[in-house]
Amino acid sequence: MVTIPISASTPYDVVLDNQDRWIDSVDWSRYSMLWVVTDKHVESLYGESFRSTLKLTHPHVVSSVVEAGDASKSLSQLEQLVAEGLRHGCDRETLIVAFGGGMIGDLAGFLASVYMRGVPYIQVPTTILAHDSAVGGKVAVNHPLAKNAIGSFYQPSGVYYNVTRLNTLSVQEVRSGLGELLKHAYLSRYVLESSFEDDLFLDLNENEPLDWVSWLARGIRVKQAIVETDEREQGIRAWLNFGHTFGHALESVEAYRIPHGEAVLHGMVFAFLVSGDEVRAMRLFDWMRSNDVTPIDWQPFDRYVEKMIRDKKNRHGAIRFVLLRETITVESVQLEHLQQTFEQMKGWWER
């Protein structure tokens, strides 16, 4: 078991384990009710057993189940959850339990931030990808025009991983999770004393068991170093958006056919090409191809620009990218250069 304390406006622990020992460490008597929010996929795998375990610690456990997939990160779904909470009798002493992947963490976390002007919540992630979104307190839903356009900063009371639940992830979900983990690996050389960038180019076709407690802890420590310095993204927290400018645009243009972490992988190749680092771009591209990352259904360049101009990092109408040079920079990039990069990357995939 690994415990990583996060210093924030509301401090909390991230616990990584191969079982649910964390349950015995929570003071459940503080809460009038436990409200589990999950999706249909996680519900089918773990919902009943997880709620049964919680019922051993608290007499009042209710649940809400939404459709799996990013389409559930919406205002309409949020409104439905508020209605369910009111029907359940959830009050301001209710604890929301976000039980699922990154979509559930974002949705349930934002629900916690607005339900009755704010109730506590914990994250119980079930995916590799969620090691990023579960830490740091960013919660949001999507708008049809932009991803994560409606949200807030709202820290959880704890983040609790049982990594045995990762055993049921598909190969695509593992690839997607490695997208965010690779992002943290690239950032590690700038924020930690040692880099683990070279360690993560794994052959996913080998089916060898991985020590996920150790791997996730390494990624979370990178995020810890950044968010403890800049909790509300006034400075270096923007570094965590490496790969996300083009990645988010790609997700939106593809109507979320490409999972978030795979979109970030594409976005990091794009960002490396923007900065002129073809060596790292090609190494990542080759790894993506050898591990069958979902290819892009290329659309006209303007479709992606329409999405990138709504990115939250932008200033005064200029599209900005997080770029990894000798230091990490956040730079405005001209449309002409972005189009050249787009055509270069498209050419790599089409050859």
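Residue positions begin at 1 at the first shown residue.
Cβ coordinates are placed from backbone N, Cα and C, and glycine is handled just like the others.
Quick look at what Swiss-Prot annotates:
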BINDING   Thr126, Thr127, Lys138, Lys147  NAD(+) binding site
BINDING   Glu180, His244, His260  Zn(2+) binding site
Count of other CB atoms lying within 10 Å of the CB belonging to Lys138 (NAD(+) binding site):
24
Would you count the other CB atoms within 10 A of the CB of Thr126 (NAD(+) binding site), including those on all shown protein chains?
28
Between His244 (Zn(2+) binding site) and Thr127 (NAD(+) binding site), find the distance joining the two CA atoms and give it rounded to the nearest Å.
19
Could you tell me the C-alpha distance between Glu180 (Zn(2+) binding site) and Thr126 (NAD(+) binding site) in angstrom, no decimals?
15
Rounded to the nearest Å, what's the C-alpha distance separating Lys138 (NAD(+) binding site) and His260 (Zn(2+) binding site)? Just drop the number here, would you?
16
Excluding Glu180, His244, His260, please set out which residues of the same chain place their CB within 8 Å of the center of the CB atoms of the Zn(2+) site, keeping sequence order.
Leu129, Asp132, Gly179, Lys183, Gly243, Gly247, His248, Gly261, Ala263, Val264, Gly267
Per DSSP, Lys138 (NAD(+) binding site) is which: helix, strand or coil?
strand
Quick one: pull the CA-CA distance for Thr127 (NAD(+) binding site) versus His260 (Zn(2+) binding site), whole Å only.
12
Using the alpha carbons only, what distance in Å do you get between His260 (Zn(2+) binding site) and Thr126 (NAD(+) binding site) once rounded?
15
Please state how far apart, in Å and to a whole number, the two most distant Cα atoms are among Thr126, Thr127, Lys138, Lys147, the recorded NAD(+)-binding residues.
22
